[in-house]
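Visitor: Encoded as structure tokens, here's the structure I'll be asking about.
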Amino acid sequence: MLNDFKIDPLVKNKSPSATTAVVAMSGGVDSSVAAALLHKLGYKVIGITLQLYNNTTGKGACCGSLDTQDAKQVASIMGFPHYTLNYEKVFKEEVIDDFIDTYMQGKTPIPCIKCNQVVKFRDLLNATKSLDADILVTGHYIRKIEQDDDIYVYSSKDTKKDQSYFLFATTIEQLKFLRFPLGNFHKDNIRKLAEHFNLPIANKPDSQNICFVADTYKNTIAQLRPNAIKKGNIIDTSGNILGQHDGIVNFTIGQRRGIGLSSKEPLYVIKLNPDTNEVTVGHKSALLQNKLHIEKINWLVKDKIPHTGLNVKVKLRSSHSGSTAIVYPNDNNKATVLLQDTYCTVTPGQACVIYDGDRMLGGGWIC
């Protein structure tokens with residue numbers, strides 16, 4: 001069966017037996033198979049799981065204590081070493097606190113991108129280098145191709161599982177050290193390979209939830225930052241008060257359910273104002289836009305965005321199939337995106353990821 005899972009050498013001019021690969025193991029199917037496959041192919045695998053938070057439920061998330069046990073069991077079955085690193089402090093300070101701060105600013109965060117950006121691909125990558133390993137490997141569904149000293153990043157062959165959206169903030173320097181061996185395969189075949197290796201996680205469900213949110217965002221924020229929950233007014237687009245809310249952290253742009261108001265026509269959250277603590281609601285027509293602004297751009301291409309604009313495809317959320325757009329550069333690492341032939345809900349705090357076909361060019365944060 002291994003003949004169906006051929007991968008190119010992960011390090012140029014170096015055999016698998018001479019290559020030390022640290023594999024970031026979340027305890028799920030994908031990273032477990034990535035580690036097991038490389039071990040079978042002769043790589044010197046070291047499995048590392050990050051302890052990020054205190055959660056023993058293991059329900060629909062990742063990197064909890066039960067997931068650490070699963071990762072250790074996989075390593076034991078396959079016969080390669082496994083270690084757990086405690087990153088709870090940095091995860092709390094740079095991911096969880098940022099998650100709460102972003103909601104308090106009236107934006108909708110994506111903590112998984114932040115975790116990749118600062119914990120996995122900064123701190124874990126540095127730890128990998130300190131072990132004198134050659135590469136850091138993950139189970140993400142994304143493709144990376146190196147050619148003539150250039151790095152090209154593409155969406156996964158399995159478009160339903162593609163995770164390029166969540167990795168847009170990964171820098172070229174980080175990508176030089178990272179490897180994604182599952183990018184050319186489909187998830188169904190990865191599960192079959194897990195069964196072939198007799199791994200106990202072969203039928204483990206995919207993680208769906210934000211790992212540190214045990215039940216709801218509101219309860220998590222209220223527990224960690226009680227002063228973030230402040231009552232305020234719900235107003236219409238003309239400024240008329242329609243009712244009250246229990247905190248803007250309970251809302252996101254485009255939200256329809258849970259507003260707490262009755263109306264003949266559906267009402268949507270149009271705007272969140274943290275300065276006045278007001279939630280503006282209105283009809284769907286007031287929600288759709290064809291222009292947005294992005295900041296803190298991570299650009300993976302040598303050529304800069306031309307001032308005349310660049311024709312691209314953009315994804316405004318992970319499940320978004322993509323919209324054609326023109327991107328115009330601005331000062332201070334910002335850009336303006338004009339959607340072509342479509343209007344979308346634009347949610348500050350989310351990512352706008354930019355593609356040329358299936359090649360990821362980079363992206364930025366919607367502001």
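The backbone N, Cα and C atoms fix where each Cβ goes, and this holds for glycine too.
Copying in the features that Swiss-Prot gives for the protein in this structure:
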type     : residues                                          : note
ACT_SITE : C115                                              : active site, nucleophile
ACT_SITE : C211                                              : active site, cysteine persulfide intermediate
BINDING  : A24, M25, S26, G27, G28, V29, D30, S31, L50, G139 : ATP binding site
DISULFID : C115-C211                                         : disulfide bond
SITE     : H140                                              : site 'Interaction with tRNA'
SITE     : Q350                                              : site 'Interaction with tRNA'
Visitor: Out of C115, H140, C211, Q350, point to the one nearest D30 (ATP binding site) in space (Cα versus Cα); all of them are recorded positions in the record.
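Guide: For D30 (ATP binding site), the spatially nearest of the recorded positions is H140.
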Visitor: Counting across all protein chains present, how many other Cβ atoms fall within 10 Å of the Cβ of D30 (ATP binding site)?
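Guide: So the number of other Cβ atoms within 10 Å of D30 (ATP binding site) is 24.
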Visitor: Work out how many Å separate L50 (ATP binding site) and Q350 (site 'Interaction with tRNA') at their Cα atoms, rounded off.
Guide: 25
Visitor: Using the alpha carbons only, what distance in Å do you get between S26 (ATP binding site) and the residue listed as 'active site, nucleophile' once rounded?
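Guide: So the Cα of the residue listed as 'active site, nucleophile' lies 13 Å away from that of S26 (ATP binding site).
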Visitor: A24, L50, C115, C211: which of these recorded positions has the sparsest Cβ neighbourhood within 10 Å?
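Guide: Minimum Cβ neighbour count within 10 Å, taken over the recorded positions A24, L50, C115, C211, occurs at C211.
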Visitor: So the record assigns A24, M25, S26, G27, G28, V29, D30, S31, L50, G139 to ATP. If I measure every Cα pair among those residues, what is the longest distance in angstrom, as a whole number?
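Guide: Overall maximum Cα spacing for these binding residues reaches 16 Å.
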Visitor: So how many other Cβ atoms are close to G28 (ATP binding site), meaning within 10 Å of its Cβ?
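Guide: There are 20 of them.
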Visitor: Could you tell me the C-alpha distance between C211 (active site, cysteine persulfide intermediate) and the residue listed as 'active site, nucleophile' in angstrom, no decimals?
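Guide: Distance between the two Cα atoms comes out at 11 Å.
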